[in-house]
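Look at Swiss-Prot and you will find Asp333 tagged as active site, proton acceptor. Residues or ranges marked as active site, nucleophile by Swiss-Prot on the basis of sequence analysis: Arg335. Per Swiss-Prot, D-ribulose 5-phosphate binding site is recorded for Arg30, Glu31, Asp35, Arg144, Ala145, Gly146, His147, Thr148, Glu168, and the stated evidence type is sequence analysis. Under the heading Mg(2+) 1 binding site, Swiss-Prot lists Glu31. Taken from Swiss-Prot, the feature Mg(2+) 2 binding site applies to Glu31, His147. Annotation source Swiss-Prot lists GTP binding site at Arg256, Val257, His258, Ser259, Ser260, Gln277, Glu299, Gly300, Arg301, Thr321, Ser356, Lys361, citing sequence analysis. Among the features that Swiss-Prot reports, Zn(2+) binding site is placed at Cys261, Cys272, Cys274. The feature region 'DHBP synthase' is assigned by Swiss-Prot to 1-205. Marked as region 'GTP cyclohydrolase II' by Swiss-Prot: 206-405. Annotated site 'Essential for DHBP synthase activity' per Swiss-Prot: His130, Glu168, in sequence order.
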Amino acid sequence: MSEIQLNTIEEAIEDFREGKFLIVVDDEDRENEGDFIIAAEKVTPEKINFMLKNGRGVLCAPITEERCQELELDMQVANNTSLLGTPFTITVDKLGGKCTTGVSMYDRAETILALADPKTKPSDLGRPGHINPLRARSRGVLRRAGHTEAAVDLARLAGLYPAGALIEIINEDGTMARLPQLIEVAKKFDIKIICIKDLIAYRLRTESIVENGVEVDLPTEYGHFRLIPFRQKSNGLEHIALIKGKFEKDEPILVRVHSSCATGDIFGSMRCECGEQLHEAMRRIDQEGKGVIVYLNQEGRGIGLMEKMKAYKLQEDGLDTVDANLHLGHQADERDYGVGAQILRHIGVTKMRLMSNNPVKRVGLEAYGLEVVENVPIEVKPNPYNEFYMKTKKERMGHVLHNIK
């Protein structure tokens with residue numbers, strides 16, 4: 001993607017503000033596809049017709065979580081098991097006015113405009129319908145690097161109502177359009193083209209989602225570390241950076257991004273390998289003489305301690321760690337790597353040798369503009385209490401665990 005000249009985010013925001021289409025390209029490690037995206041309040045029947053004729057995908061309308069609540073739009077399913085967790089709500093049509101069946105270009109445009117109209121009430125929308133609202137995650141692409149969040153972020157950055165309309169771009173032969181074809185589409189229709197990774201980098205460059213506290217010395221059994229606390233502005237959660245040694249700009253640093261685990265890190269629980277991994281990471285950094293541990297306050301893969309204990313109870317009753325989360329209405333993994341990425345940037349880390357067995361973590365950090373030059377395994381020996389848990393992580397979550405057969 002870097003070899004092809006894309007448009008800048010600044011250029012894209014200006015066009016978006018004027019009601020023009022953008023082509024937004026996903027990352028190669030994700031769907032690797034492009035969508036036509038436009039601000040919801042700028043939609044017309046003619047523009048909807050263009051999207052359906054030239055996009056050929058599924059017409060959707062990304063809106064915020066708050067807007068979904070205001071319009072009482074429930075999710076299509078309680079447990080979203082789609083590959084990338086695409087957040088579809090129940091489908092809708094605008095009721096009344098000149099709208100009829102909901103399927104015409106006029107009706108679809110009116111429905112999308114209604115979603116972006118603060119005066120629209122839940123009773124103004126028929127369910128089911130012909131428009132697929134998508135619930136964008138709070139904090140946008142800094143929380144989830146998807147087209148849904150990109151549409152809402154672009155609207156906000158353009159000073160418009162935070163809602164959009166999008167459709168996947170499919171080739172005439174029915175295959176998904178990839179970057180070379182998308183470049184040709186952009187040229188044909190004189191539409192600017194950007195990638196989500198650049199939008200993430202723009203937001204990280206222009207916004208601060210964390211603030212740091214005072215730096216202190218922390219003597220440990222693995223030598224001295226510098227400890228810097230960070231507070232996440234969006235929710236007040238506090239995180240920690242442990243730093244050893246000095247490093248140069250762009251130097252590949254040994255890094256562990258570790259989500260908090262009170263049971264394992266503090267009490268030495270044998271139901272997981274978290275505590276052992278944390279101590280092994282500290283030992284390796286001490287041995288190397290330099291490195292960073294980002295300790296994220298994301299207990300239970302992001303669901304919190306109370307919910308984690310409910311999941312533990314379900315595991316005692318026979319469910320595995322993934323199904324326990326899904327049973328409780330959570331995703332298998334709800335961790336937010338955007339905050340970790342900004343903490344790393346704040347302390348000067350842009351390239352790293354990442355200590356992790358989780359390929360999703362690598363993809364998650366790289367999505368925020370960081371470079372993982374090497375993935376360093378940090379595998380520990382399983383015990384009778386965590387072997388099934390680790391087997392589940394290997395088989396259902398893609399963790400690279402050679403000690404698990």
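Heads up, the Cβ atoms here are built off N, Cα and C, so glycines get one too.
Given the structure is predicted, the values throughout are model-derived calculations rather than measurements.
Annotated features taken from Swiss-Prot, shown on the structure.
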residue: Asp35; record: D-ribulose 5-phosphate binding site; Cβ within 10 Å: 29
residue: His130; record: site 'Essential for DHBP synthase activity'; Cβ within 10 Å: 17
residue: Ala145; record: D-ribulose 5-phosphate binding site; Cβ within 10 Å: 25
residue: Glu168; record: D-ribulose 5-phosphate binding site; Cβ within 10 Å: 20
residue: Arg256; record: GTP binding site; Cβ within 10 Å: 24
residue: His258; record: GTP binding site; Cβ within 10 Å: 23
residue: Cys261; record: Zn(2+) binding site; Cβ within 10 Å: 23
residue: Cys272; record: Zn(2+) binding site; Cβ within 10 Å: 19
residue: Glu299; record: GTP binding site; Cβ within 10 Å: 19
residue: Arg335; record: active site, nucleophile; Cβ within 10 Å: 20
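Comparing Cα positions, Cys272 (Zn(2+) binding site) lies closest to Glu299 out of the recorded positions Ala145, Arg256, Glu299, Arg335. Not a single one of the recorded positions Asp35, His130, Ala145, His147, Glu168, Asp333 has a C-alpha within 10 angstroms of the C-alpha of His258 (GTP binding site). Cα separation, Asp35 (D-ribulose 5-phosphate binding site) to Ser260 (GTP binding site), rounded: 36 Å. Cα separation, Asp333 (active site, proton acceptor) to Ala145 (D-ribulose 5-phosphate binding site), rounded: 15 Å. Spatially, by CA atoms, the recorded positions Arg256, Cys274, Arg335 include one closest to His147 (D-ribulose 5-phosphate binding site), and that is Arg335. Between the candidate binding-site residues, His147, Arg301, the densest Cβ environment within 10 Å is the one around His147. Secondary structure at Glu299 (GTP binding site), as computed by DSSP, is helix. Of His130, Glu168, Cys261, Cys274, all annotated as recorded positions, the residue with the shortest Cα distance to Arg301 (GTP binding site) is Cys261. A 10 Å cutoff on Cβ-Cβ distances gives the residue listed as 'active site, proton acceptor' a total of 21 other Cβ atoms nearby, all chains included. Look at the binding-site residues Ser260, Ser356 and count other Cβ atoms within 10 Å of each Cβ; Ser260 has the fewest. On the backbone, the CA of Cys274 (Zn(2+) binding site) and the CA of Glu168 (D-ribulose 5-phosphate binding site) stand 40 Å apart.
For the pair formed by Glu299 (GTP binding site) and Cys261 (Zn(2+) binding site), distance between Cα atoms is given as 5 Å, rounded to the nearest Å.
Residues listed for GTP, Arg256, Val257, His258, Ser259, Ser260, Gln277, Glu299, Gly300, Arg301, Thr321, Ser356, Lys361, cover a largest CA to CA span of 23 Å. The distance from the Cα of Ser356 (GTP binding site) to the Cα of Glu168 (D-ribulose 5-phosphate binding site) comes to 33 Å. When the Cα atoms are compared, His130 (site 'Essential for DHBP synthase activity') and Arg335 (active site, nucleophile) turn out to be 33 Å apart.
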